[in-house]
Amino acid sequence: MLCCATYPLIWIGGLITTTDAGMAVPDWPGTYGYNLWLYPWSTWFFGPWDLFVEHGHRLFASGVGLLTIGLVVVVFRCDRRAWLRWLALAALALVIWQGVLGGLRVVLNERLLGFAHGSTGPLFFALTAVIVALTARNDEPRPSGSDQAAPLWPWLLAGLIYLQIIAGAALRHVPEASSFNTFALHVQAHLWGALLVTLSVVAAAIVAWRWPVGRSPRVLASLMAAVLAVQVSLGVATWVAKYRLPAFAQTGVAADAWDAIAGAGTMAPSTAGGWTETYVVTGHSATGSLLLALAAAHAVVARRRTSTASNTELSSHRDEPSAASAGPA
Amino acid sequence: MPPPRPRRRHRLAALLCAAAGATGCGERADSFQPNGLLRATGGLTDEQSSSIDAALAELFGSPDEPRLPPELPRMAELCDLAALQQAAGPVASHEVGVTQGLYRRHCARCHGVTGDGRGPTARYQSPYPRDFRRGVFKWKSTYRDAPPTVADLDRVLEHGVPGTAMPSFRLLSEEEREILQQYVIYLAIRGQTERALVSLVADELPAGEPLRLEGDLRDEVMSESLAPIVAAWVDAESDVVSPPDSSEVDDRLIARGRDLYHSEKAGCFKCHGAAGQGGAVAGKDYEIDYDRWTRERVVARPSDAVAHLVRQDLPIRPSRPRQLIGATPHGGDATADLYRRVHQGIAGTTMPAVGGAYPGQPGSLTDEEVQSVVVYLQSINPKESPL
């Protein structure tokens, strides 16, 4: 439930960055002097879009914070597995830190804190995905020959995707006074990161389908590949929506391809804050977080499929096996 | 834990600096960027350059606190100080529904805090974002050398520029768009003033003498250099090119336009090709030239300082004659747009005017001939206007 609630929050956060609505409310933790929960709902609901989305983000985030507290309470009351308790505490610490970062970004009006806030959100989402993967029911028979050490590469893949998310967040939060060379550095880092992530996810999918890794890692690797395809498409669409075709693509094959797909002379101006630009760009940001969560879950599942010791440990301290599988995460 | 050794500390500091630089930390928006190339080309010393910065700050304030020169009262006809203050500064909101820092929120990422067309995203855009500092704008209804009208700026803001990264801001309120127009005019006049002051220091003051904008010199600069700049903006409405009433389009008119298009008199085919296919840099089927914003960076024998600044600047791109068939006209393809574009060319670019430079002056084509060329262009590219 926490994991499912976090993903819309990631979307709303991305929406705020896309529409630059982060400063629609000047104070924190309250909203225009009101307690967060007591702000007049009519002003929020029928007021300006910026206020609607920013205050909504705060309300949603506080709900996620409460769910995280609930996770900690349930885990400490119903489960004695030490690692799960630590993970729940880590989630609580991370969500508090994330809230403070968001608040400081507003109070100090500092865009770089927005960058830190935007980088921490996906990390929290991935952590909830890890908790889901670790506490999920695991009735699959382990494939033969899987008694080897847990592979490290799925974690490296998740780390690589997270670095790419950081590069993307840096790109989205470049200060207005930055030079075009700073921005170019971010663009190039993000493009090279995209290439590396693409190759790595494709390799993970190939491994999952060619070797007997089990059903769950295979499903997750396939999902990653599918999400990656969507993500790359959204990345291209994001660029075109915001900056249109770069110089090299305005003539030759790329221009002909555009004319063939969209029709000659159809490059109308985008609408700042319009539906296409807003949701394509936000979708690209949110899909990156989804890819990270899948990669983190994949790494957990791959470890469970190959590590006898961890499987034993996972099941040895549970009070009730079914309680963990239907756990709060 | 022992304290890190000095060398490690240096490495750590270097790493932190690199990380901070990579995220854009340290690049602040609290001052306007000087036009370094202009000053280097004029051979100004650092002291002279600083004196110009001080004069500009005194006249126009800073990106956080704009100001209007009291000696230029007509500027108030163009810019309201309260509006400029709402457009300036960092993005913030102190009242529900009222956004401060509108320019940084909507424009600075491409056009730069200074309005120099060198915002963070500029490098990857084609064409580059407009540099406001010359006061020269392409998509306008006025004569070539006149500034745009407020309505022209509003039109670009509301509809965007097709085929470029300039979006439509139609979702902003009219009031917010008006505030942005005023801030753009403010940045343009500030940039034109900078150019005038650099010219004054480079050409009229003794070598190495800094600018002291006071006394008679101040009065002279205000009345002879800056007041005409402001007056041109205020009076732009009287410089609008009026297309003739639309005459009936028939084959004869189209044929006349086609003949003119392919004639030496109009010379359209030389750049845009016999079939309107446009020019290509690689093919060199037209003379390579540069727009006005780029031309000052193409220097035959630059000094070291100028060469360094040119290297640091956006990559130089030659002007490429537009493809007329199947392309999205940046300035719109309504009849009046095309008429003005053929009549006056495109300000700041290599597209020349074939009409007169001011009302009543004869051009190389008559108004009727211009109209026939427009009709011919519409006949070879029949398309709904995106505007």
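Glycine too: its Cβ is placed from the backbone N, Cα and C atoms.
Note that TrEMBL annotation is computational and uncurated.
Copied from TrEMBL, the annotated features are:
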REGION    A:307-329  region 'Disordered'
TRANSMEM  A:59-76  transmembrane segment
TRANSMEM  A:83-100  transmembrane segment
TRANSMEM  A:112-132  transmembrane segment
TRANSMEM  A:152-171  transmembrane segment
TRANSMEM  A:191-212  transmembrane segment
TRANSMEM  A:219-241  transmembrane segment
TRANSMEM  A:279-301  transmembrane segment
(request) Mind checking which residues of the chain, 6+ beyond the ends of the transmembrane segment (A:219-241), have their Cβ under 8 Å from one of its Cβ atoms? (result) 194, 197-198, 201-202, 204-205, 207-209, 213, 270, 276-277, 280-281, 283-284, 287-288, 290-291, 294-295, 297-298, 301
(request) Six or more residues out from either end of the transmembrane segment (A:152-171), which same-chain residues have a Cβ under 8 Å from its Cβ atoms? (result) 115, 118-119, 122-123, 126, 183, 186-187, 189-190, 193-194, 196-197, 200-201, 204, 284-285, 288-289, 291-292, 295-296, 298-299, 302-303
(request) Go through A:59-76, A:83-100, A:112-132, A:191-212 and flag the stretch with the largest number of C-beta pairs under 8 Å relative to the transmembrane segment (A:279-301). (result) A:112-132
(message) Same chain only, please: residues at least 6 beyond the ends of the transmembrane segment (A:83-100) with a C-beta under 8 Å from a C-beta of the stretch. Say none if there are none.
(response) 2, 61-62, 64-65, 68-69, 71-72, 75-76, 117, 120-121, 123-124, 127-128, 130-131, 134-135, 313, 324
